[in-house]
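Student: After the structure tokens below, expect a handful of questions from me.
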Amino acid sequence: MNSLSAWFWSESFWLPPNVTWAELEHPPPGEEYPRADQLLSCLPLAFGVLAVRVLFERLVAKPCANILQIQAGESRRAQPNAVLERVFTSTTSPDSRRVEGLSKQLDWDVRKVQRWFRLRRNQDKPSTLTKFCESMWRLTFYTCIFTYAIRYLWVSPWMWDTRQCWYNYPFQTLSAGQYNYYVAELAFYWSLMFSQFTDIKRKDFLIMFVHHLATITLITFSYCNNMLRIGTMVMCVHDASDIVLELAKLANYAKYQRICDTGFVVFSIVFFITRLVIYPFWIIYSVLVESWEIVGPYRSWWLLNGLLLVLQSLHVFWFYLIARIAIKAIFKGKVAKDDRSDIESSSEEETDTNVRSRNKSHPNGSEQSPKKDTGTNGFVKGGTKDH
């Protein structure tokens, strides 16, 4: 174990040349440097965050949803069928050939088989009330943590002169503001990871699990090698646009379409400014260029820059998707639905039933296709968190 620990905490990887862990273990009197064991408090705090979330959703979010007349609703359940259930475990949306085969096997109409799979998919989806409460909780957290970060960073000299992030590095004192900010963010993301196993399972479960794990790794990594000054700015920049996104989601769940569309356009603008302007030209530039000039490169420096650049490439891809949706909102007056929605239309089953009822009374008995719902897009509906 000692050999494994020595290998993992190799000074040649974590620290600049000619710097040792022993030097960081003995700060000047009255000062303190970050230590990895200080982050262990995040795990019990994460369970505390989960408890606060439960109380918040019951005592605050649900009453707000009732005022806005958002109800949980009762999703129609598919009738039990062992054959279709076995197929559903392997694929939730079988192709037309497989549907036809199941239709012959069960002696069901093709539309009845399709409808069974549609009902089966929808019965596992979270209700609008559940999503409203989740978004309201996230909005509250992001607003509080972003406000705290701005108040702390506003009076920090390295926010206005990023070169100060690297002067005397890594011998930079840990402040109470940095510690509180890091612990709060880590506890929140640990709580999100834990809650994935208790919340209703969604189709993006694995993607979000990897996302939360990557976020936790990056935050922990920057804390262990004392890159807290630049780390706090990275987290603050990413939290800014999430506030507006959660507001747009709440407006969508409450069926305030105009507010939803406006919020999504504002979110697109904030996302562009923070993640495609401030993040690359202010933060990445500091880590990539200024730190090279002042500290010089070393092994973990290369890893950190690689991760930050990968994150930036994701920002470009995400903004491309966001911009397409925002343009539709501006020119069509309503955010168009895209194929990334984690929810099928709540009225889809009713529409299908109504169409079939109309077909019975139609003179030639032919089916009429319902108008396609252009409801709010999956990016606003979806609960997809993009850090």
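Glycine is treated like the rest: Cβ placed from N, Cα and C.
Keep in mind that this is a model prediction, so the values were computed, not measured.
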Student: Which of these ranges is annotated transmembrane segment in TrEMBL: 45-64, 205-224?
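Tutor: That would be 205-224, the stretch labelled transmembrane segment in TrEMBL.
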Student: With the ranges 86-128, 344-386 to choose from, which does TrEMBL describe as DNA-binding region?
Tutor: 86-128
Student: Averaging the per-residue pLDDT over the domain 'TLC' (130-331), what integer do you get?
Tutor: 90
